[in-house]
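Everything on this sheet refers to the single structure shown next.
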Amino acid sequence: MQQDKGLTNLPEPSLLHRVMVMITIPAVVVALYLVFIWSPVERQMGVVQKIFYFHVGSAWNAFLAFGVVAVFSILFLITRKRIYDMIAGVSAEIGVVFTAIVLTTGPIWGRSAWNVWWNWEPRLTTTVILFFIYIAYITVRSLDMEWQKKGRLSAVLGVIGAINVPIVYMSVRWWESTLHPVVMGEGVEESGGGMEPSMLFTFIFTVLTMTLVYTVLMQKGIYIEKLRIHVAKLKAKQQEKMIS
Amino acid sequence: MIQSNNIIKTIGEKMILRGMNLEIASGETVAIIGPNGAGKSTWLKITAGLLKPTEGSLLIDEEPLKKDKYELQQIIGYLGHQSFLYEHFSPVENLRFFAKLYHVKKPDKRIDDLIEEVGLTFFKYEPVRSFSRGMIQRLAIARAILHDPKILLLDEPHTGLDQQAVDILNKVILRLKKKGVTVVLVTHDFPQVIKTCDRVIILKNGRVKDDIPLEGQDVNWLYTHYERQAIHS
Amino acid sequence: MKNLLLPALVIAGKDLYSEWKTRQIVTTMLIFSSLIIVTFSFAFDPSNQSVRVLIPGMIWIITIFAAILGLNRSFTTEQSNDHIHAFVVAPIDASSVFLGKFIANFIFVLIVQIIAIPLLFLLFDFRVLTIESIFYLVGIIFLGTFGFVSVGTFLAALSSNSKSSEMLLPILLLPLATPVVIAAVQATRIVLIDLEKLSSAMSWMQLMIAYDLIFFVAGLLLFEYVLEV
């Protein structure tokens, strides 16, 4: 019985995952060094500017994670393969963490750049909505149903949510420009354009490192999911034995 | 008429059907029996098009049952555990709604006849809410055969019915049988199996355990045979 | 056609007829929206003229909450006797269930708005309406409600799979409806308060049309996945 053999062998983390962990740990250390020690302190904002590296890196990963959710939701609806459902689910969980980072670092940045904790700037507002869509998605995933049904419903929500994000961005942008005709602080973009080379390098390096962290977390999450399924299967098998 | 090729169905982590192979010819009346959790209802739901098989295929009239197979859905009548009836509507209103969904021509005459056949003429305009279990089930069977299906799938139709309701139900089944309708009956009620069916299939652990013609057999034989097949082996 | 539009009308007709008999959903929605209006008048002094600027927001808050109330019922009533299964088995397109439910919900919400919005204007003594602004207001309400109800119907079907669907629906619906809510409130504000900026209201209406189309079509296409058992 092929199935029985599959049950006795625990799933193992892949070689790729081990290599990735080996790369990611030093990369994170280097990134921290570059951000806090190597890169110069910005003249106007001082040390607070350093949060920008993490802020943008997390924002990029949050949107990437949601993109992954959307793509794998569509794949799941077409093929109904469980692995796609797992990838989408894990990606959403990681995405919500990155979104939370964006939403905490954003106000800190805003306080020192624009002297307010929060403003309804399009990118920030879109991130808030994204955060809520993620929460809705995870709520659906935590419903008590068999995985086939749960996967189907959450995949549908993933697709709808992904369609919605650009529309939200557009409408918030529009709304913001009618409410506050003076578009305040093109802060993030400005520093993105006219950055000093060392800052730019640090910035790119941090974003790449955070993407690496995302990938490692993804692999870890999928591995945990696999173990979970393995346990459920063993349990189901044991129950069957007890009954008959 | 119905052809089930190696159907496997997994729900959650549980494998409910493990390779269901079954062929039912046109005009047969077949009972499917078996212990709880053997996959009887699941197989019937797949046949009705309510569930999709994980693997394998289900052919009706040599055609796979997929979504948008409206012609196939049109010839299947399905009665599940629930009646599908709206509680605040009267029998006539309920049947009229389903008649429209199934594009029944001249619905009013047909609805009148059916309501009479299941003995609910007197309650025609009462809301279903006030009905007893037996009356609801009688109306539900009228709903299932409203569109003159060629295949009738019944999931435990006799459960919780009194003698009168059982008789009405059997009469309907036998009338359809004479008309050449294929009837598949999932049930635990052996006397009714003997009364109505000409073939019985015993299911166990998601597979067909036994497949026997019923001609000339009585209830006691069926009980002993079932015990041998489904419980002891 | 035979398997999409006709069954949709049959299902919508069934819902409307059922509502005509029981008068449950629309009555509850109406009472609820009147209560919101009364609560508004406690929260914001109606005699104060500056409260006028809040009227557009109030219109849409009433719509959103009353609609959620009705949407919740829309599919839970189909759950009690597994009517959804009857729809899957019947020779109809899955999208027709969406279409039928959408039509019924849309009509319910419109009925509530026809009564609740004039009531709001009355109680808050809002009298600066012209024929032109009423004309545009009707258009905006139609577009905004269309978008909100189409996403709402879809998500109501999705959340009805859960046992606590009344709690799940608002969580799913409000973030996804953000664009249409923003657009509807902005367009209403312009039409009611400064009609000179009409061109801006027009572009908001275009955004609503785009949103309505996208989510209506997405709902039609994806509904079969929601309906599967």
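Just so you know, glycine gets a Cβ as well, placed from its N, Cα and C.
Marked as transmembrane segment by TrEMBL: C:25-44 (among others). Under 8 Å from some Cβ of the transmembrane segment (C:25-44) lie the Cβ atoms of residues 19, 51, 54, 58, 61-62, 65-67, 69-70, 73, 108-109, 111-112, 115-116, 119-120, 123-124, all in the same chain and six or more residues away from its ends.
The transmembrane segment annotation in TrEMBL covers C:51-71 (among others).
Marked as transmembrane segment by TrEMBL: C:102-122 (among others). Within the chain carrying the transmembrane segment (C:102-122), a Cβ under 8 angstroms from the stretch's Cβ atoms is held by residues 8-9, 11-12, 15-16, 19, 25-26, 29-30, 33-34, 37, 40, 55, 58-59, 62-63, 66-67, 70-71, 74, 129, 141-142, 145-146, 148-150, 152-153, 216, 219, all 6 or more beyond its ends.
Same-chain neighbours of the transmembrane segment (C:134-156): 59-60, 63-64, 67-68, 71-72, 74-75, 98, 101-102, 105-106, 109-110, 113, 117, 165, 169, 172-173, 176-177, 180-181, 183-184, 187-188, 191-192, 198, 201, 204-205, 208-209, 211-212, 215-216, 218-219, 222-223, 226, counting only residues six or more beyond its ends whose CB sits under 8 Å from a CB of the stretch. For C:134-156 (among others), the entry in TrEMBL reads transmembrane segment.
The transmembrane segment annotation in TrEMBL covers C:168-192 (among others).
Residues 84, 87-88, 94-95, 97-99, 102, 139-140, 143-144, 146-147, 150-151, 153-154, 157-158, 161, 179-180, 183-184, 186-187, 190 of the same chain lie 6 or more positions beyond the ends of the transmembrane segment (C:204-227) yet place their CB under 8 Å from a CB of it. For C:204-227 (among others), the entry in TrEMBL reads transmembrane segment.
Nonlocal intrachain contacts for the transmembrane segment (C:168-192), taken as residues 6+ away from its ends with a CB within less than 8 angstroms of a stretch CB, comprise 53, 55-57, 59-60, 64, 68, 71-72, 126, 128-129, 133, 136-137, 140-141, 143-144, 147-148, 151-152, 155-156, 158-159, 162, 198, 200-201, 204-205, 207-208, 211-212.
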